[in-house]
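*Asks:* Residues or ranges marked as ATP 1 binding site by Swiss-Prot on the basis of experimental evidence: Gly13, Ala43, Gly117, Cys118, Leu119, Gly120, Ser121, Gly122, Arg123, Arg127, Ser131, Val132. Taken from Swiss-Prot, the feature ATP 2 binding site applies to Gly165, Asp198, Gly262, Ser263, Arg264, Gly265, Arg266, Gly267, Gly268, Ser276, Val277, Gly278, supported by experimental evidence.
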Amino acid sequence: MSSGNSSLGIIVGIDDSPAAQVAVRWAARDAELRKIPLTLVHAVSPEVATWLEVPLPPGVLRWQQDHGRHLIDDALKVVEQASLRAGPPTVHSEIVPAAAVPTLVDMSKDAVLMVVGCLGSGRWPGRLLGSVSSGLLRHAHCPVVIIHDEDSVMPHPQQAPVLVGVDGSSASELATAIAFDEASRRNVDLVALHAWSDVDVSEWPGIDWPATQSMAEQVLAERLAGWQERYPNVAITRVVVRDQPARQLVQRSEEAQLVVVGSRGRGGYAGMLVGSVGETVAQLARTPVIVARESLT
């Protein structure tokens, strides 16, 4: 998969949440692997939602700008520390006086990837995705990476495979392209998972399960054949299971360094912004998740 000529490269949205620091580190390493720029963005909303019409004193706006510059400086240090062998990527930074979601959605038109933490500084107890990450999953013009605020518990996560969900949809085809590209750049294996039952049909009578399994395995092999030729250096493990895709992807994410899913699966309908599988995996997988949104421009 080509990284294209998107001028902003990889964009990472930053705030003072724990997940933002992890997001910066992941984005910096991915930008280094791709040899493309990294853009750090901190959005400062000039308005505060309140039922009282109280004007903000000038000191608050100045504090917001100073706080944003402090966050950018901290993020730049993370980028330097995250560097692998090739050296840190070219970094641009912006403090934008506007709401985060519309700002990042608009900037995503010129990005290869959009990277954000799962929960921002306005996190609510019990929530799994924040308003910014949820908004980008539905409206971004490029693939979105959701980062959780903890590092992998695996002893050698850099050696773990990339996991991709394959279901035959157009979004799944984009996810497959991204997954092969990431596995190739990271020099790791790829696990391609096809879970072919969104509902529990184990008790349905008259279904020839061995024949259905064999057919699903053949379909998966055909879906991957062209990509194997394009990326001969990537070793592939094909997994076909009779189970719900989201459950399998979340379970198997514990042994992967990255999960890639389509924004809408084969059950998605016209106008659907993000599918249930993509959203569930983004919420529950503890490893970074790329939701392969297609460009809307």
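For all residues, glycine too, the Cβ spot is worked out from N, Cα and C.
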*Asks:* Tally every other Cβ atom lying within 10 Å of the Cβ atom of Gly262 (ATP 2 binding site).
*Replies:* 31
*Asks:* Can you tell me which of the binding-site residues Gly13, Gly117, Ser131 is spatially closest to Gly165 (ATP 2 binding site)? Compare CA atoms only.
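*Replies:* Closest candidate to Gly165 (ATP 2 binding site), judged by Cα separation, is Gly117.
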*Asks:* Could you tell me the C-alpha distance between Gly262 (ATP 2 binding site) and Ser131 (ATP 1 binding site) in angstrom, no decimals?
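*Replies:* It is 20 Å, counting Cα to Cα.
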*Asks:* Could you give the Cα-Cα distance between Val277 (ATP 2 binding site) and Ser131 (ATP 1 binding site), in whole Å?
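*Replies:* Between the Cα atoms of Val277 (ATP 2 binding site) and Ser131 (ATP 1 binding site), the distance comes to 18 Å.
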*Asks:* Using DSSP, would you call Val277 (ATP 2 binding site) helix, strand or coil?
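*Replies:* Assignment for Val277 (ATP 2 binding site) reads helix.
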